[in-house]
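Listed in TrEMBL:
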COMPBIAS  1-11  compositional bias 'Basic and acidic residues'
COMPBIAS  27-39  compositional bias 'Basic and acidic residues'
DOMAIN    141-275  domain 'SLC41A/MgtE integral membrane'
DOMAIN    355-498  domain 'SLC41A/MgtE integral membrane'
REGION    1-46  region 'Disordered'
REGION    59-94  region 'Disordered'
TRANSMEM  104-124  transmembrane segment
TRANSMEM  182-204  transmembrane segment
TRANSMEM  216-243  transmembrane segment
TRANSMEM  255-275  transmembrane segment
TRANSMEM  287-307  transmembrane segment
TRANSMEM  319-339  transmembrane segment
TRANSMEM  411-429  transmembrane segment
TRANSMEM  441-461  transmembrane segment
TRANSMEM  481-506  transmembrane segment
């Protein structure tokens, strides 16, 4: 009678799997050795039947790594014959240039039309009394619109990565991830909104030397309330988008961040305009309303902090995730100062409608790319632990845009969306008779040059920044997107203001820049 010797597999530290003979104790000195041929011979020297139990130790990692690799040359699926994966569903995330473009196109257009709507709103509200007499509100615009990059896009990137690597597969994991992240963004939104109002007061006071306490409290109340409500609404929308994307077999990295931006600009700007207008009306008769609004939202901070601290997924970000958010807010506020000084000049009033569009499109595209690169790196390990993804000191533009790498391919697809996307958005603005500018050929050339240069710079910086942060043991999902979207606001606003000044200097009267 032949005896059966059961063989088990055990994972090693380096990811390899070695068999473990039954009866071998975990703490025994012989555990680490490879089995010899004699281990599989019976007492009489005859062979014994070996039952091998399939190990899933590395199956998940293999599936995740294959998720963003290309079919054929970049996939090692054909070389892996030792792991049985027949019972596992095929990964829906293997992408070609066409599939990337197809998945990104609809959310990109949706996000673009959201920025167009935001631009139309800004074009109207810039003539309201609160924007005329409390011009520092213009400084708040890029800073608060940038919250979609600082908070909502970062949230979308974190949840997309968690969904792609299987950290939201069970209801318990899903609930834990969602509650912690929602509490976290409420903490960040309240603090960033408060700091943005301080930056607006400072930037408004430095050039003119004029300070008004009533206006400062108004800015604080408007900023904190807008940031809190917008983050709450957009965070709930993001959760639905990411869960729905996974169920439909769509890569959340391609759709979550653009959809966050599509509604983010419009909702945030509408809230800022409405809240600041309402509080401005209460300044004379009910001056106590503004301080009460500030105190109410700030008093909720301890509740959100306690919830976020109890969740291991957000505890680290709660302590270490402030630097990029605050610095990004400061960068966006500089862009807001440029917008304030430019739009306040009647010669450049037409710039208001285009600012959310060019900033939003650039931020949306670079957020998609950063989220994709971050997910790609997470599938190879943890930050700072993968030698093959060592930080790049200075990647060449050729490697960023023209290599055969999947991330280079997505960069090309995103860059090619700039011109047709902006043409559609400009035509929409013109057909709705928005702004104070007629679309002439020379205006379109200057505008497109600014938009292409902005996205080109952002995609290049994203390629370097995400890899650099990864090599420095920083999670790009939490650190890269706030910097990139804030730089998008600053670069976009600066290039657009420069274009309007050049058009005015060369006397392009047909574009009616000065109306």
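For all residues, glycine too, the Cβ spot is worked out from N, Cα and C.
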Selected stretch (most C-beta pairs under 8 A with the transmembrane segment (216-243)) from 182-204, 287-307, 441-461: 182-204
Interface-richest range of 104-124, 287-307, 319-339, 411-429, 481-506 toward the transmembrane segment (441-461), CB pairs under 8 Å: 481-506
Stretch with greatest number of CB pairs under 8 Å, the transmembrane segment (411-429) reference, 104-124, 287-307, 319-339 candidates: 104-124
Residue distribution over DSSP helix, strand and coil in the domain 'SLC41A/MgtE integral membrane' (141-275): 120 helix, 0 strand, 15 coil
Per-state residue totals over the domain 'SLC41A/MgtE integral membrane' (355-498) - DSSP helix, strand, coil: 111 helix, 0 strand, 33 coil
